[in-house]
Every structure is written in structure tokens, then in C-alpha cells.
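Everything on this sheet refers to the single structure shown next.
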């Protein structure tokens, strides 16, 4: 990193959840600033990780800024990120981050990438945020505190039928043709560009559901609290309320079981698709 980011207004040693929420929101601003500086830059360096997925200087710089700020403010907290090994702490809190969700979109200049932060207390995700820097949109939720988009309440849609439902997909190639045909027969409208952008659209009522057949825990960690506090429902494709199953589905709640009956029978493990 070329710059030491200063994170203001944080109480340095605390067991208070509110202090961690405040730091997370400040880190979203830092992540957004770094993202915008590198977004679609013609000289952006891109490297391949061991799994073949891309990583950029922006991914590394954002995660390091987050790690340094959390270690400074809450040195006993654990930290899990996409780009570096886990840090195991002794407190009840774990930070789970994806510095740039949608790195391929970020590299190509598609403005639907996001910065993701989740705060886990014990076994429960108690805070999550989706920051969409190029869309000037921040969606965040604290357990029991509602879901918010740029300072105003965010709520899921009330659409209660597959007919006309907007269903988002991250990877279209994961969808079996029979599933696609079945949803089309019911009148559902399928749209791609999922990733965190799709979950934000569900939380804000612009889409009715999003389906991820393959995802990592840091991709999905913020989603349960965001979707649930917006009035919706988040589960794995086998109906468990977990974010680390390797897949996930979020909906307005009204369509959840019906949609699961169409898409929940095929998971990446059964299809042979690597996570």
C-alpha cells in the first residue's frame, strides 16, 4: 500500500457492537474511494490466483486497509477476507470481507462490482453491508435495526407469484435448461448480473429473488442480515439458514419456497461445478 488510511471517530478498545458498525461504515467509504481510483483504469494490473480467478491491486489495497483498521481498533477480533489468510482472535467478533465482489466486472469496467463487509458475533451475522461505489449506493443492515439504502429504509417487494417475478442469476451457465424452461413457463423474468448487486436489488425491492449456485462464504456473509432486515428471506439451496453452504438464494420471502421447488434440486456439487 502507498497510503496509510486514517479511520476517524473509532473507539479503539470496545466490546460494543455499535462501535464495530461505525467502523464498518467508515471502511465502506475507504473501500469506495480506493475502488473508484482503480475502476476501469487502463493500466490496472491483473494477476491470476492459484484457483484461476483474477486479483487486482485494488483488491489487495482495500483488504489491507480493512485489516489494518480492524486490527488497530479491535485487536482481539478475528478477520476473514478473500485475499489473505484468516486472522484468529479471542473476542466474540469476526469480520468477513470481500474487498471487491465482482472482480471480473470491475476489470472490464462494468459498474456493478461491490465492497462487502459482514460482522459476525458468535454464530450470528449481526451486521452486513453492500457498497456499490460506481452506483453511489450503500445498502446496510444491523440485526434488529432494519435495512437501509443511502439513509432511507429498504424493503423487499411484495410480488407473490412467479408470473412476472424478476429473478437474478450470477452465473447463467449454472442453470439447467429444464430449470430455465420451468421458470419461463411460470412467467418468471430471468436477469443476470447477480453477485452482490443482485442481493442489493432484492433488498431494495427492485428484484424479487437472486439465486447463487456457487459462492464463497465471504460472497454471502452480509446477505442474511441485509435480506432479513429488509423483510425477505435468505437460505442455502437446501433451505438452511446459513451463508457458508457454497450456494444461496435470497427472495422477498413470498416466493421463496415456490422458487426453491424449481431451483433447489440442483446444486453445484450435484452438477459437478467447482465452487
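For all residues, glycine too, the Cβ spot is worked out from N, Cα and C.
Binding of Mg(2+) is attributed by TrEMBL to 82, 98, 100, 101, and within the candidate set 181, 208, 212, 219 the record adds 219 to that site.
The C-beta environment of residue 101 (Mg(2+) binding site), restricted to residues of the same chain at least 6 apart in sequence and closer than 8 Å, consists of 113, 114, 115, 116, 195, 196, 219. When the binding-site residues 82, 98, 100, 219 are compared by the number of other C-beta atoms lying within 10 angstroms of their own C-beta, 82 comes out lowest.
A Cβ within 8 Å of the Cβ centre of 82, 98, 100, 101, 219, the residues given for Mg(2+), is found for these other residues of the same chain: 97, 99, 102, 103, 114, 115, 116, 196, 216, 218.
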